[in-house]
Amino acid sequence: MSAVLDVVLSSAFLAAVLRVSTPYLLAAFGGLVAERAGVSNIALEGQMLSAACTGALVAGYSGSVARGALCGVGVATLLGLLLAALRLELGADVIIAGIGLNLLASGGTAYAVFTLLDDKGGTSGLKSGSLPAVPLPGIESIPVLGDALSGQNLVTWLALLTAPVIAWLFYRARFGFHLRAVGEMPDAAASVGIPVRRVQYTGLALSGALAGLAGVFLSMGYVSFFVRDMTAGRGFIALAAVFLGGLRPWGVFLAALGFGTAEALAVQLGTLDVPPQLVSTIPYAMTLVALAVYAWRRTRQTGGEVAAAA
Amino acid sequence: MTGTLIETEDRREYKATRRRDLAVDLSMALATILAALAIGFVVMLVTGNDPVEAYGAMLTGPLERSFRVGRWLEDATTLTLLGLSVAIPFRARQISLGAESQLYAGALAAAAVAIFLPLPPVVAVVVPLVASAVAGAGMGLIPGSMKARLGANEIVATLMLNAIVVRVYDYLVNGPLKEPGSSAVHSKSIQQDSALTPLRDWFGIPLGRANVGLLLMVLTAVALWLLITRTPLGYRIRMTGSNPEFAEYGGIRVPRVIEWSFVIGGAVAGLAGAHLVQGVYGRLEPGLAGSLAFEGIVVALLARNNPLVVVVAGLFYSYLRAGGDIMEQQTDVGTEIVVVIQAVIVLLVTAQALPDLLKRRLARKQVAAR
């Protein structure tokens, strides 16, 4: 047990938590924005994957990391807009359309990498570099925390910043009010002159961009190359964090951080005599229980009405 | 007597409508597939490959040798079972994405019985199959009751269960169930008597790992079709899917129907796991199912959740998968183009307003021509 505590309390572990949590945080906020706009974004996974692949490929061929990152985020944004268009213009089921986009991303990225590089696994043969780490002046002098925070990637800082920004957007900005109104009751929102479609398109674009940033981090920060299907279900976990966090910015922040912590813990405990696979199930089991409790409380509040029809 | 006359006329009209609907459904499916293949054609052309050669290899390859046919049929069996497993909850308008967890639970249960429990012949095949169906059904019951009784979001619940079960499976295959003394990660082989008979024993030609699971799959599909179209439970499932409030008003206990749809779907996905263990691999392997569980959803969608059509869609889809692999060996085109084609099919199928949009445009053109 003390060995576990030693691991958990080290600054290296805190640094790992921040690094591992970064994609979860960004993708979860992407999911939150979409969910609040009334369009579930199941395609987070595919958006991350496309961004990761595009980022690594563009950076590798152009030699510019910044251009790669921008293109990656751009592609994910376009996928967000495509999801919105499928839903709003073509009446698609948003869940199934999301599954389709995930498939498209999985097949498309693997096909692109194989066609360009003749490599089944990923872009490890292509030198694409990674986004810079940002040292904050003075922060290294803080004990424990300083070591954890110094040298974190630019995107990690952005991910941590996203929480207050989204909270501000939701509760202080006009766009956030519109977004929440549209998600809550589109007809009512339309009746007071809110441009429902434009708000939903913007929301889905923002959602895609955030997921894209998460993807770019995976291939240009976490590691410096693209690996086939490297998102490995992170988009779905992020989606769970959205619900676990009760659709609120700070709740989602904590949930995503929790998933990141559990994963970092699972990696660290792999060196000890605890099966890492079992440790890593904890957050999912917690989500499942939380989901049940949350739903149970809601049914109680609505006077035992059967919510199955919903 | 006039009553019966009207009745016969009504019936004739009803049958004509049914026929017309079926024709429309079939031609829509065909048009969707052709459109997706056309998009694949363009993608290959743009990426500098030769699409004619590639499609040639993809579409004729799987039939060229008997063991390739076997590969196709073996893959189709698993995929169709998975498609059937989601088609049932989809019929009740429940988005169950839990086929993965149900498959792994079924595979574990089948393997546990088939490896460790000595049983007489025949029984040794049946008991693991039953065990897998029960395990899969249990894994379906969890999100099913959470949705039915608490109103918990079934998408998140099934995704979480997937994540949990996949990790537990991974742990078991790497740990307690790993064959001792083996350097590769897999379980012990199942007992001889528990194996599903390979088809080559019947036909005397090499058919790879294709086995009697194929028959089992067809029987399951027919049984599910009968269930959906000919039984009270099937009626309740369809009613719940088309209008839950009306179903409730009509005296159907919607929560129970939802639970049943998950349980039945889970049992079928469990069977898919048993097929992989008893028919294909003969043991537990890491990452047994690959991405099959999600592709089962595509099959169900393409078949519009009609169990009999799911078989056709499953066979078609596996054919593309098998063809894709052969295409990659014979040409330089990556097999992943198949996934892209599949994705396009999904997106076209779900874009429901697309046919209406096309029709309206055509009508407008006709008006303009006059």
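Positions of Cβ are set from backbone N, Cα and C atoms, glycine also.
Under the heading transmembrane segment, TrEMBL lists A:68-88 (among others). Long-range contacts of the transmembrane segment (A:68-88) within the same chain: residues 34, 39, 41, 43, 46-48, 50-60, 62, 94, 97-98, 101, 105, 128, 131, 197, 200-201, 203-209, 211-213, 215-216, 219-220, each at least 6 residues beyond the stretch ends and with a Cβ under 8 Å from a Cβ of the stretch.
As annotated by TrEMBL, transmembrane segment applies to A:94-117 (among others).
Annotation comment: TrEMBL describes A:154-171 (among others) as transmembrane segment.
Taken from TrEMBL, the feature transmembrane segment covers A:201-223 (among others).
The feature transmembrane segment is assigned by TrEMBL to A:235-258 (among others).
Under the heading transmembrane segment, TrEMBL lists A:278-296 (among others).
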Other parts of the chain folded back onto the transmembrane segment (A:94-117), taken as Cβ under 8 Å at six or more residues beyond its ends: 39-43, 45-47, 49-50, 52-53, 57, 79, 82-83, 86-87, 123, 125-126, 226, 228-229, 235
Beyond the flanks of the transmembrane segment (A:154-171) by 6 or more, those residues with Cβ under 8 Å of it: 18-19, 21-23, 25-26, 29, 32-33, 36, 131-134, 179-180, 210, 213-214, 216-217, 221, 249-250, 253
